[in-house]
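Annotated in Swiss-Prot:
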type	residues	note
DISULFID	40-75	disulfide bond
DISULFID	46-68	disulfide bond
DISULFID	53-73	disulfide bond
SIGNAL	1-23	signal peptide
C-alpha cells in the first residue's frame, strides 16, 4: 500500500491541528509530551482558589486533580 502525497499532507496537518488544540506551553513542537498529563481550562474556575478547579478535574476523571497555575485551571495526573 502506498501513501500518496495528498494523504501524507492530510496526516501531517491532522497531527498539527490535534496537538495545537490542547493546552499550549512555552516549548515548541508537537506538544504531545506534556499534554498527556495536563489539560487547561477556563480561568473562571480559579476565582475561588483550587477547589472549583479540583472538582471539575475529578469529575472528568478520577485520576486527575485540579491545580490553579497562573490563573488557569490545570488537570494534573495523580500518578505523575
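Please read every residue number as a count from 1 along the shown chain.
Backbone N, Cα and C atoms are what each Cβ position is placed from, and that goes for glycine too.
Note that this is a predicted model, so its numbers are computed, not measured.
Features recorded in Swiss-Prot, as mapped to the structure shown.
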residue: 40; record: disulfide bond; CB count, 10 Å: 16
residue: 46; record: disulfide bond; CB count, 10 Å: 21
residue: 53; record: disulfide bond; CB count, 10 Å: 26
residue: 68; record: disulfide bond; CB count, 10 Å: 19
residue: 73; record: disulfide bond; CB count, 10 Å: 22
residue: 75; record: disulfide bond; CB count, 10 Å: 22
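Residue 75 (disulfide bond) sits 9 Å from residue 68 (disulfide bond), taking the Cα positions as reference. The disulfide-bonded residues recorded for this entry are 46, 53, 68, 73, and the Cα of 73 lies nearest to that of residue 40 (disulfide bond). A strand conformation is recorded for residue 68 (disulfide bond) in the three-state DSSP classification.
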